[in-house]
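Undergrad: Dropping the structure in here first, questions after.
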Amino acid sequence: MGQFTKAQEIYTVLLHQTTNESDKAQIYYQLGWIKDNQGEYQEALTYYEKALIIRQQLLPSNHPDLGDSYNKIGILYDTMSDYPKALSFHEKAFEIRQESLPSNHPHLGVCYNNIGRVYYNMDDYPKALYYYEKAIAIKQQSLPSNHPSLGNSYCSIGIVYYKMGDYPKALSSHGKALEIRQQSLPSNHPSLGASYNNIGSVYYSMDDYPKALSFHERALTIQQQSLLANHPDLGASYNNIGIVYRNMGNYPKALSFHEKALTIQQQTLPSNHPDLGASYNNKGLVYDNMGDYPKALSCHEKALRIQQQSLPSSHPDLGASYDSIGIVYRNMGDYPKALSYYEKDLAILQRSLPFNHPDLASSYNNIGMMCNNMGNYPRAVSFYERAVQVGQESLPTNHPEVRKWRENLERMKEKL
């Protein structure tokens, strides 16, 4: 941080000394870069915009420096969650680079990647995938097959497939990323830890808990060697391991890992950070499994308050909190309240996920159960049918969840 402050002082002196507009643009650009790295995004934006205004006056409309300015401002808006503006600036950067560079130039790949990341952050996964695949196609032409940047692209594609519920493709992409990173990075590099965590998350979603645990533990080992003891990524790994232990029925261990995650996050994150909300949710799920419903409800409500302050109203994590609160009310026998929260969850999932995502099937099943418990059998059948239909489209035919949803539907039909 001290080096940034010193650099800022030097550039500020130079800015007052120079009368050359081109030099001023470069100094504003560098000051923007410093503020960006210090996390002072609004100030960074001001400097980048000053650089851009001068460059627009001095340079031809397709000059590479203009492309750099648009690119930096686009990344900044993405970081600040202003996605429409981020997209607009990245598209301007792309237009300039497309005019002046060969079609397989790495800088074009960077543009595709940046646009893909914005669409990913907007939860538009098909478009994100489209741009990430364009980026990787360019990298495959211009980089060695084991270049770390290719590993990063496979990782991004794997995460999108995971979000879309296509777990075999997610596993394949993350496997390629891991292979490249094992060849090109030191054995304790944080990116290797990220790959192990990503693969662990996919195995978890495929209900292969022993494999999930094995990969998450490998990630944790690397992170403990390479990161500070209170680094947020360590908190994420503790949470991942806690989630797997909960699903394996080891609740004391699950609780212990979620507590470790919360301790780190409370030290390092703002009190309304979404990751804190996720950790409270995780603790709530463990308490629910242990039958301690008041503690479960308290944790989930803390999570919901944080997420309502920090996330868009259609964010999937908000849906997960509504779902979790619904589960607790269901277990307490308060079916009308449970139904109300399940319906809030479904409304969010329908806005944010592909129509055939397995999470939607699970949501339909939950609503079907509540309708059944409340004696509304025709409505229960309708939701169970939707659960089975989506499950058959998105999961293997012998998947335990699909079998469970089919059984629910058959039992319900017998009641009619």
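Quick reminder: no glycine exception, Cβ is built from N, Cα and C everywhere.
Sharing the feature lines straight out of TrEMBL:
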type	residues	note
REPEAT	25-58	repeat 'TPR'
REPEAT	67-100	repeat 'TPR'
REPEAT	109-142	repeat 'TPR'
REPEAT	151-184	repeat 'TPR'
REPEAT	193-226	repeat 'TPR'
REPEAT	235-268	repeat 'TPR'
REPEAT	277-310	repeat 'TPR'
REPEAT	319-352	repeat 'TPR'
REPEAT	361-394	repeat 'TPR'
Undergrad: Same chain, outside the repeat 'TPR' (109-142) by at least 6, Cβ under 8 Å from its Cβ: which residues?
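TA: Same-chain residues near the repeat 'TPR' (109-142) but 6 or more away: 71, 74-75, 78, 81, 83, 86-87, 90-91, 93-94, 97, 149-150, 153-154, 156-157, 159-161, 163-164, 314-316, 352-354.
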Undergrad: Would you mind listing the long-range same-chain contacts of the repeat 'TPR' (193-226), meaning Cβ under 8 Å and 6+ residues beyond its ends?
TA: 151, 155, 158-159, 162, 165, 167, 170-171, 174-175, 177-178, 181, 187, 233-234, 236-238, 240-241, 243-245, 247-248, 400
Undergrad: Other than its close neighbours in sequence, what residues sit by the repeat 'TPR' (235-268), given a CB gap under 8 Å and a spacing of at least six beyond its ends?
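TA: Contacts with the repeat 'TPR' (235-268): 193, 197, 200-201, 204, 207, 209, 212-213, 216-217, 219-220, 223, 275-276, 278-280, 282-283, 285-287, 289-290.
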Undergrad: I'd like the per-state residue tally for the repeat 'TPR' (193-226) from DSSP, helix first, then strand, then coil.
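TA: With helix first, then strand, then coil, the repeat 'TPR' (193-226) has 31 helix, 0 strand, 3 coil.
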Undergrad: Given a Cβ distance threshold of under 8 angstroms, which distant residues of the chain, six or more beyond its ends, lie next to the repeat 'TPR' (361-394)?
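TA: Result: 165, 323, 326-327, 330, 335-336, 338-339, 342-343, 345-346, 349, 355, 401-402, 404-406, 408-409, 412-413, 415-416.
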